[in-house]
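Data first, discussion second: the structure below is written as structure tokens.
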Amino acid sequence: MEVGNRTILTKFILVGISADPRWQLILFVTFLMLYLLTMAGNMTLVILIKIDARLHTPMYHLLGNLSFLDFWYTSVYTPKILANCFSEDRRISLAGCGAQFFFSCVAVYTESYLLASMAYDRYVAICHPLLYSGTMSSSVCNRLVAGSYIGGFLNAIAHTANTFRLSFCGNNVIDHFLCDVLPLVKMSCTDTRVYVIILSSMVGFAFLSCLLAILISYAHILLAILRIRSASGRRKAFSTCASHLVSVMLFYGSLLFVYTRTSASYSLESDKVAALFYTIINPLLNPVIYSFRNKDVKEAFRKAILTTQPQA
């Protein structure tokens with residue numbers, strides 16, 4: 001399609017992690033193993049939370065949805081990465097790029113809202129333990145989850161529609177493994193000033209409001225922990241939210257690294273590494289973070305293994 005003297009792009013070429021053919025087998029095996037481990041870890045956590053009655057609490061209900069999102073998120077990108085390792089045709093259509101962009105936005109926005117909901121859950125559990133069962137009832141918990149997904153879908157629709165109303169022309173090679181905002185904006189032959197203002201306002205409001213809710217929750221949690229007299233009590237209270245705090249730092253840290261840098265400090269290679277971290281590594285690490293020192297999850301896993309073994 002041509003507009004004036006410019007050809008409007010309808011297909012892109014994703015270079016991937018590396019264009020060097022010597023690396024393709026190593027990359028394929030590495031990402032296949034990471035993907036299988038991510039699927040196994042997150043689906044195991046979802047199943048354990050579903051089948052074990054002791055894990056039928058608001059905290060684990062939210063955690064189960066986080067694991068589902070992590071499985072979803074890594075599935076948006078990894079199959080394409082694996083396919084490109086052995087395919088000479090690395091093209092992706094404009095519609096395919098838009099679909100990848102949309103579903104990744106759904107996962108990112110929803111996870112952001114869900115992490116804020118989990119922070120609120122920890123705030124109620126530590127600061128108002130006697131009111132916890134009433135405040136975090138199953139209906140409230142379900143509304144928090146539903147609100148996270150609705151907010152994720154609405155933001156993703158606005159984000160995707162705002163991005164793909166742009167026209168793309170020139171070189172159709174994207175030196176990345178995903179259709180992301182930064183390379184797409186560089187390929188735009190439309191004035192992006194209004195787009196950048198809308199995008200910055202929308203993304204800034206969504207993520208900063210979630211981050212502010214998390215910070216406020218943890219400020220109250222910290223004050224409540226400092227008021228506990230015994231050291232063992234403080235350790236126990238902190239241990240209930242340590243995993244969530246690590247998950248928040250990994251999630252927001254990698255996103256902020258990619259999307260808050262100035263153009264002068266932009267580096268394609270560091271951008272790829274950071275993108276790998278929040279698309280592939282974070283979903284792999286979350287089940288480990290939430291299960292490593294969690295006695296309830298370990299016991300549920302041990303019980304599930306015992307029930308699957310044949311009786312002597």
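Glycine is treated like the rest: Cβ placed from N, Cα and C.
TrEMBL entries are annotated by machine, without manual review.
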Query raised in the report: Looking at the ranges 113-132, 273-292, which is given as transmembrane segment in TrEMBL?
Result: 273-292
Query - Ranked first among 92-110, 194-225, 237-261, 273-292 for CB pairs under 8 angstroms with the transmembrane segment (25-49) - result: 273-292
Query - Residue numbers, six or more beyond the limits of the transmembrane segment (237-261), whose CB comes under 8 Å of its CB atoms - result: 66, 108, 111-112, 115, 118-119, 122, 125-126, 181-182, 203, 207, 211, 214, 218, 221, 224-225, 228, 271, 274-275, 277-278, 282, 285-286, 289-290, 292-294
Query - Close approaches to the transmembrane segment (194-225) from elsewhere in its chain (Cβ under 8 angstroms; 6 or more beyond its ends) - result: 109, 112-113, 115-116, 119-120, 122-123, 126-127, 151, 155, 158-159, 162-163, 166, 181, 185, 188, 234, 237-238, 241, 245, 248, 252, 255, 259
Requested in this report: Over the domain 'G-protein coupled receptors family 1 profile' (41-290), work out the mean pLDDT and round it to an integer.
Outcome: 87
